[in-house]
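Visitor: Have a look at the structure that comes next, please.
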Amino acid sequence: MKPSVILFWFRRDLRLEDNAGLYHALKNALAAGLTVQPLFIFDTTILDALVDKADKRVVFIHQAIERLHAELAELGATLDVRHGVPLNIFAELLNEYDVKGVYANRDYEPDARARDKVVYEYLNEQGIAFRAFKDHVIFEKNEVMKADDSPYTVFTPYSRKWLSQLDDFYVRAYPTRVYLDGFYQQEKRVIPSMGQLGFEPMTVEFPSEELDFGALDAYAEQRDYPALPATSRLGVHLRFGTVSIRQVAAHTRARSAVFLSELIWRDFYQMILWHHPQVVTQSFKPMYDQILWRNQSSEFAQWCAGQTGYPLVDAGMRELNETGFMHNRVRMVVASFLTKHLLIDWRWGERYFAQKLLDYDLAANNGGWQWAAGCGCDAAPYFRVFNPTLQMEKFDPKNEYVRRWVPEFETAAYPEPMVEHRMARERCLQVYSTALKT
Ligand code: FAD
């Protein structure tokens, strides 16, 4: 006989602790005399699209899944891990379990919304409810709105409203732990290996998920200096939900208003993506799509390789290529350089970051790129062009960061700047102003 269960589908929330959807699944299962079967799907629609089969993000997810699998085994349960297209997987699951409901946490990306709609409709036809919860952000889609109920497009008033609405309720942890004996008890199942998923197994050192409270005190002063270990490096954990955003916000709220503000940016871009999914392919301000980008492939290749002759740009790109991380200040500088100095379409840079960043997140990456190119909501004005040499002097005054990633800096082996700053700046202003006039 098929076991009667509620399925909990893990996606961007790879933890048992303080997990909104899991909490509701376990609580409601208990009330209904049911148990919860946890599920994870290695989605071939996403994995097959990854060109590089040595992908650190897949390693990260695989490790997080192994950890969940071990934690659940200690509770006498197992994580059911599948590999395929979610809709087909659900058809398989309905043959094996008597599914009384499917619970998950909401994912706000357009592709994820489309995936969930298809699964929802399929389950609905079978009379099975699919329930999704807010877990990934503090305030979601339409929870922080203007007085006339329209969405914000400018950060500062959004952030003011966000802060005015924040109280203990929104950062309180869901006590998932209380219900952990509510999982369906079965033998540990086998997880597909990296090789079976079509990816290279790799040894990667990931940032810790611990918040360094010492560093947090210095965050406001030091966060702009890429040579210092002054930022949290929590990006990848927040992306895949190996830490809870509520926990991070609760711990940092009273300690650093500047850090909290970065978490507000995170909610802001998720909100923008929800209300304006067209930003995935278009400039938020449509007239910026008239820019005549130069799009020189050879120049793009130099930028990707960290061979532009601008040390801060090159250090950033080399750090990204080697580790999957780049400091926020440097992300702004390399993005500005690509779009403004080289006049290469921001979408090229966005795509490159999407392939390389460990903490790649569609909403924040798209927002960051459109901000740097000047075409996004509340973006840097287009006529403000970062000078990459001055940025280095200001934020890496002893050249420590640059030397770490560009060992040949200040030797004859280091290339000359690929483009002269003053000329590039003038060219940029001309191309942008022409586009905005037409
Ligand atoms: P911290 O400074 O410790 O910040 C803590 C957390 O706040 C981050 O982990 C992140 O979740 C959030 N956060 C911080 N700054 C921002 C921001 N400007 N927008 C949204 N969330 C923010 N962030 C991503 O998470 N994924 C991306 O793909 C991404 N792409 C970017 C692309 C460009 C061109 C730019 C300019 C910025 C991008 N950012 C992105 C924002 C920011 O650079 C990173 O979040 C940050 O550098 C991650 O390092 P950290 O965890 O040490 O950050």
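Glycine is treated like the rest: Cβ placed from N, Cα and C.
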Visitor: Quick check: of Y219, Y225, Y310, Y401, which does TrEMBL put in the same FAD site as F259, E262, L263, I264, W265, R266, D267, F268, Y269, D359, Y360, D361?
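Guide: That FAD site, as TrEMBL gives it, pairs F259, E262, L263, I264, W265, R266, D267, F268, Y269, D359, Y360, D361 with Y219.
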Visitor: Given the recorded sites W293, W346, W369, state which is nearest to E262 (FAD binding site) when distance is taken between Cα atoms.
Guide: W369
Visitor: Measuring CA to CA, name the entry from the recorded sites W293, W346, W369 that ends up nearest I264 (FAD binding site).
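Guide: Going through W293, W346, W369 one by one, the Cα closest to that of I264 (FAD binding site) is W369.
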Visitor: What are the DSSP helix, strand and coil residue counts for the domain 'Photolyase/cryptochrome alpha/beta' (4-138)?
Guide: 62 helix, 34 strand, 39 coil
Visitor: Within 10 Å of each Cβ, count the other Cβ atoms, then let me know which of the binding-site residues E262, D359, D361 comes out lowest.
Guide: E262
Visitor: Whole-number answer please: how many Å between the C-alpha atoms of W293 (site 'Electron transfer via tryptophanyl radical') and F268 (FAD binding site)?
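Guide: The Cα atom of W293 (site 'Electron transfer via tryptophanyl radical') is 28 Å away from the Cα atom of F268 (FAD binding site).
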Visitor: Using CB atoms and a 10 A radius, I'd like the single residue among the recorded positions F268, W293 with the highest neighbour count.
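Guide: Within the set of recorded positions, the most crowded position is F268.
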Visitor: Filter the recorded positions Y219, F268, W346, D359 down to those whose C-alpha lies within 10 angstroms of the C-alpha of W369 (site 'Electron transfer via tryptophanyl radical'); answer none if the list is empty.
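Guide: Passing the 10 Å Cα cut: W346.
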